[in-house]
Each structure stands twice: as C-alpha cells, then as structure tokens.
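To keep things clear, I will list the structure first and then write my remarks on it.
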Amino acid sequence: MSKKQRVSITTILAVVIGLGLSLGIDGAVTKHELRAQEHDHPHGEDDHSSEVKKEAASAAHHNEEEGAHEKHEGESHAEEEQGDEHGENHEGEHGDEHKEGAIELSAEQIKAAGITLGTARSGQINNVLSLPGEIRFNEDRTAHVVPRAVGVVEAVKVNLGEQVKKGQVLAIISSQQVSEQRSELAAAQQRAALARTLFSREKKLWEEKISAEQDYLQARQALQEAEINLKNALQKTQALSGSSSLSGGNRYEVRAPFDGTVIEKHVVLGEVVNDTSNVFVLTDLSHVWATFNVSARDLGRVVVGKKVEVVAAELGSTAQGVVAYVGSLLGEQTRAATARVTLDNPEGAWRPGLFVTINVATSTQKAAVTVPVQAIQTLEDKPSVFVRTPEGFQAQPVQLGVRDSGFVEVTNGLDAGTQIAVEGSFILKSELGKGSAEHSH
C-alpha cells in the first residue's frame, strides 16, 4: 500500500468518526427539539445524509485518481526501463553492424587521399640475403691536392663543400723555387737559340768547303745539348707551376685535377706549404661506393657481377647495382671479405657515411599469394593489409613468408585475387587509429 492510499483511508475514517460524534450529540437533544427541528427542517436528515454520501464519494473518487496516477507512474517507469533496454539492444545491434577494423570511405575520398589499389596474386619471390653496408667515397675518383713547391699561400679561391670544375684555380702560391726555375727556363731558351744559330752557320760554311767538318760537328753537338737542357728546364717548370709559361714571376696556381667537390680544406691565407702539405681533398660524388662485408659461408652467393639492391631506410630510397669487387682476403677482426658496389649518384642523395642494406637475390621460389611490400602495415603488433569492401576498407591480419625487395609472400589470411590498398595504406592505418581514439572517449 502506498503512502497516498494510506492518507486517503485515514481521511475517510476521520470523516466517518466525525459524523458518528455528530449523530450522538443529536441523539441527546430532547424529543421536542427534535420534533421542532423535524417540523422546521423536514429534510434535514436527507440533506445531511446527502452531504455524507457526497463526501464519501469525493473521497472514493480521490482514491481512484491517486490509484490511477500511481498506475500511470508505474507504467511510465516500466516504459522507461523497456526503453533503456531497447536502447541498449539497439546500441549493441549498431555496434555489431560496424565491424572492428572497418573504415568507411567513398571512391572520391579514396582518390583524393592518393590511395592506390592492387590485387593479391601468385608470383615468384626471390630469397634475399640482406647485408649491412655503408656509402663511401669512390676512391678511384678522389684526389689529394698538394703544392708542387715550397711557398706561401697568397690566395684561397674555394671553400669547403664547393663544387669545382677541372682546371679551376683553388689557391695561389708565392714560391722562390718557382721563380728560380722560370729563370733557368729562360736561360735555357736563350742558349738553345744561340746554339741553333751557330749550327746553321757552321753547316753552311762546311757545305761551301770554307770550314772544317770538325767545326760543323761541334756546332751540331752544342745544339743538341742546348735542346736537351731546354727540354729539361721546361719539364721542371711545368712540374712546379703546372705550365711552361714564363709569366707570373714567383707565383703559381693550384688547380683542380677533375670535376668534383671540395671535401677537405687544410690551407689558410699566409700559410707556408710544401710538397707534402695536403691542402685540399677533392672527390667526384657523381659516383660512390656501397661497401659491405661478406662472411665466408656467403662468398659462394655474392660474386662479382651479381645484381644487388641498395636500400637506404632513412631516405626511403633504393638503387640497383652490380657487385664490382669482392676481396680475396678475410679481415682479421671481422673474418669476412670486403665487397663493394659502384652506384650512380647524379643528385648527390647517396652521401658517404650513410648506412644502407645490401639485398642480394640468392634463389627464386613460387608463392601462391604475394602482395607489394608497401601494402603491409602493422596493427596491434600483427602484419595486416586493408581489403577493399563496398563501404571502404577492412583491416585483415595476415601471416607472411618470404620477402624480397618488392613483394612479400602471404601464407595465411588472404586469397589470390583480393583487392587491397597498396600505395597510401599508411593513411588508412592513421584513420583507423583516429577512430579507435575517438571510440575510447
């Protein structure tokens, strides 16, 4: 019984008790008075009874309204509970409709995001031997530039890291040794000219029978000696100054031996240098070496002429090359032979000191299902691909097998002919991560 029902019953009892008391008092009135009242009020009792009935009916009606109100509240509460249960069921059904790992994207959104599609298919997979390596200077195109004579640096024309052309002036040196050599060359040229004149005269006199043959022979010998001395002076001058010119006095120019880049500079203005000073180091960075070590057990698989792939993970770049050299000796510390690959580097992206991976294909096998390497993404520490669905994409965990430079074998979780995301699959991974973060909130 509710509180409102108890209040209603209490009210009715109070009314009934009050009526009983009223009737008792009325019984104590004298008959005369009662008769007088009956005479004066013939309908008094009827009116009073009517009022009692009205009050009882009003109380009953009030109880009915309260009971109906409580019934209505009970029904409303039941409806609310039923609504909550329906909402929970609806949410559960709605959650089931959106599978975990699903991403809804239209064809226009896929195109705008730059996501390209591919198809899982059977193919050949290369068994790859991956070896760590490093990019180094091409030693065949590296030069240590040194002065050819003792002198003082008068000018430095290039800076560290600057690209230079063959014959470009790198520095100007002032040298007493060069001055003396040029003077010797000038004297040798004069002696040779005089000997040539004397020889011509003695030859003419001998032909005219005016002078003896001995004079002619002596003049020819003197000319030959003068020419030898001149040639020697020219060679010395060229060795010191780089040219046979007599101009420049005691100055000579240090020039670049080929097109390259200044990678070391060890000279400043006013410094005294000699023929042992390493003033510049130049290298041609258009070609570099990728060097790596090959253990004794792999020497049979890595041979000169073998095609390899060089991968720089930090740059996201790859290059194709051929093994150009495999050492004949094993290192004392590494117990491995040194090998190298020569790479074209026209844009200078392959910088010496960069760590790389050398992938050498050693054998080939057939795989039932292969996908491009860039299609694989790691989700919850599991390799996965994004399968194309009518609504967008669905993340699909897979098991991987053999991997080569371009493709990877899928041993479980994917059938041949399935359309998947290839380029831009990392975008789908990011979107899936955003969705998980929003759901957690």
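We count from 1, first residue shown onward.
Any Cβ shown, glycine's included, is placed from N, Cα and C.
What TrEMBL lists as region 'Disordered' is 38-98.
Predicted-model confidence for the domain 'CzcB-like barrel-sandwich hybrid' (141-284) is 84, expressed as mean pLDDT. The domain 'CzcB-like barrel-sandwich hybrid' feature in TrEMBL is assigned to 141-284.
Residue counts for the domain 'CzcB-like alpha-helical hairpin' (180-239) by DSSP state, with H, G and I taken as helix and E and B as strand, are 55 helix, 0 strand, 5 coil. Taken from TrEMBL, the feature domain 'CzcB-like alpha-helical hairpin' applies to 180-239.
Annotated coiled coil per TrEMBL: 209-243, in sequence order.
Here TrEMBL flags 288-363 as domain 'CusB-like beta-barrel'. Shown for the domain 'CusB-like beta-barrel' (288-363): DSSP residue counts in helix, strand and coil, namely 3 helix, 42 strand, 31 coil.
The domain 'CzcB-like C-terminal circularly permuted SH3-like' annotation in TrEMBL covers 369-429.
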Could you put numbers on the helix, strand and coil content of the domain 'CzcB-like C-terminal circularly permuted SH3-like' (369-429), residue by residue per DSSP? 8 helix, 34 strand, 19 coil
